[in-house]
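Asker: The structure is given below, and queries will be raised subsequently.
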Amino acid sequence: MPELPEVETVRAGLSPVMEGQLIQRAEVNRPDLRWPFPDRMADRLTGATVRGLRRRSKYILADLDSDETLLIHLGMSGRMLISGHTVGKFHHPHPAPAKHDHVVFHMGQGARITFNDARRFGAMDLMPTAEADAHWLMRDLGPEPLSNQFNETYLVGRLKGRNTPIKSALLDQRIVAGLGNIYVCEVLHRAGIHPARKAGRISAARIAGLVPLVRKVLQEAIAAGGSSLRDYRQADGELGYFQHGFAVYDREGAPCTRDGCPGVIDRIVQSGRSSFFCPGCQR
Ligand SMILES: [Zn+2]
């Protein structure tokens, strides 16, 4: 499932083919994905120019000159493919239409953007730009982890007295937006905090120390995504998936990467999701 850095990589990859560009024709090939598409979506997108592309949590937001904003959610398996335009060193010819090509944007400059989603957990919606923050998917979100609103004082205050495991607290989108399972596992490993520790029982100094680690882990992954836009892995025109080394995620049974730690990565299930951690150095 794409997390914040993957979504940010998709946004960056779409930027040259969308920002400032006309959607000459939008093609919508089914009535819904996870939820029904908005009324007359193809008509409302056709002829609009994209003013800018931004990201909120794991949503890509395209602000249009029609004063509407298009929300794109990749879901579990949504893929964005660009053809007819150079991505990094590669120029991708238009592929033949494929199964699961649910939405296609034919851009004014000849590029084609295809949203393909085999499992259909993705979504698109349209809303007045002025009301985007109040959209039901976004209104309850906490601050962006890379913004100034997410800071030491804020996080210490939000976690004070909480009886939930620190892992669940960091996954709570009302506390901080866009953090997912993979990067929370990585952050807690770097912080040396056990994922099952009660958030309210961890010292304020250690909670404060999570803030720069969250930023660092996300920024490193975003940088890896940025370099993937320039290299061979994007040779098919697909955006957003890149090779990235994790210290604990999906490494059950492997040795801990921390210098001098003899631990072996373990896995527990919390709220139905796997937590990977090192019992040797995470307390
Ligand atoms: Zn360790």
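Including glycine, each Cβ sits where the backbone N, Cα and C put it.
Given the structure is predicted, the values throughout are model-derived calculations rather than measurements.
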Asker: Name the residue, out of His92, His94, His100, that TrEMBL lists for the same DNA site as Arg119, Arg162, please.
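Answerer: Of the residues offered, the record points to His100.
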Asker: Consider the recorded positions Lys58, Arg119, Arg273 and say which one has the Cα lying nearest the Cα of Pro2 (active site, schiff-base intermediate with DNA).
Answerer: Lys58
Asker: Can you count helix, strand and coil residues in the domain 'Formamidopyrimidine-DNA glycosylase catalytic' (2-122) using DSSP?
Answerer: 20 helix, 50 strand, 51 coil
Asker: Specify the count of other C-beta atoms within 10 Å of the C-beta of Arg273 (active site, proton donor).
Answerer: 14
Asker: Across the listed DNA-binding residues, His100, Arg119, Arg162, what is the farthest Cα to Cα distance, given in whole Å?
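Answerer: Farthest Cα pair among residues binding DNA: 43 Å.
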Asker: Around Glu3 (active site, proton donor), which residues of its chain at least 6 apart sit with Cβ under 8 Å of its Cβ?
Answerer: Lys58, Gly178, Leu179, Gly180, Asn181, Ile182, Tyr183, Ala221
